[in-house]
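Taking it in order: structure first as structure tokens, then the write-up.
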Amino acid sequence: MTFPYTRMRRMRKHDFSRRLMREHRLTADDLIYPMFILEGEQVREAVPSMPNIERVSIDFLLEEAKELVELGIPTVALFPVIAADKKSLLAEEAYNPDGLVQRAVRALKQAFPELGVLTDVALDPYTTHGQDGIIDDDGYVLNDVTVDTLVKQALSHAQAGADVVAPSDMMDGRIGEIREELETEGFINTLIMAYAAKYASAYYGPFRDAIGSSGNLGKGNKFTYQIDPANSNEAIREVMLDLDEGADMVMVKPGLPYLDIVRRVKSELEVPTFAYQVSGEYAMHMAAFEKGWLDKDSVMMESLLAFKRAGADGILTYFAKDAARLLKG
Ligand code: PBG
């Protein structure tokens, strides 16, 4: 009989003992802030399904970046809104050295060299059909020709000064090809964060609205390259392959509904592990906050702490600024 010798509530009674036994902590260092960028000057547009999130032109991006640095957020992730007339079947705009992302990276690195800049490597903002790769006549995304284009895209990001390139396309073999190209071209310290375990999730809906690819994608889906939400071992295998091919960090995506995968990756592979609390997760939280059904600050912080407990080293989250502000007090 352990009771009353063991009383679990003893340690919970005081603030000092609760603090002493606290296992995980969220800090601003854990946060990566995803931002949507568009062409123009002094432009900012609301994203209806993502309250408080905007698409901004590069000048406003720089203003926000200043705030991120002041808040101690180490990294920003960029996602472009590409004008319809720049989209094509072969997504050539993806590797335009003077494209929107490439210019944004150069501007950011010049103004805030200490802020980490992460770019998304995938073709969906650039294709007329909204798929992440180049398709054949049946609409099937072709792996190897897509990888050739992703390599060009990743190199153009590195040349612009990106610190981290993050392939989110789920083509086979792309990490190895990108790593080889970066080495050959002298970008030996450009980091690769692989969206390694990226699921074919319905939680990406608001993101596709934000970058304007949902109209192009229509009723299309990404089942032939993203992972089936029913699978777990397959995610581990994807992560192992990406590590083998030269990824420095791996990511699990979406976030909260896939914390079991985050935990497995961290426990089984013991590598830098990141999670993406995606647009749909943000949207559903915000909807409940706006209705007054959940308390924003406490639920937001609890949701982020859950990632740390599951083993994530960092979190891509649209709450990054709000959380960092709260942490600053
Ligand atoms: C594109 C990409 C997506 C997200 C990040 N990069 C969407 C998709 O795969 O359709 C989703 C991010 C989010 O929902 O917040 N390759």
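Each residue, glycine too, has its Cβ placed from N, Cα and C.
These numbers come from a predicted model, not from an experiment.
The active site, schiff-base intermediate with substrate annotation in TrEMBL covers Lys198, Lys253. Taken from TrEMBL, the feature Mg(2+) binding site applies to Glu238.
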Other CB atoms, at most 10 A from the CB of Lys253 (active site, schiff-base intermediate with substrate): 24
DSSP-derived structure type at Lys253 (active site, schiff-base intermediate with substrate), helix or strand or else coil: strand
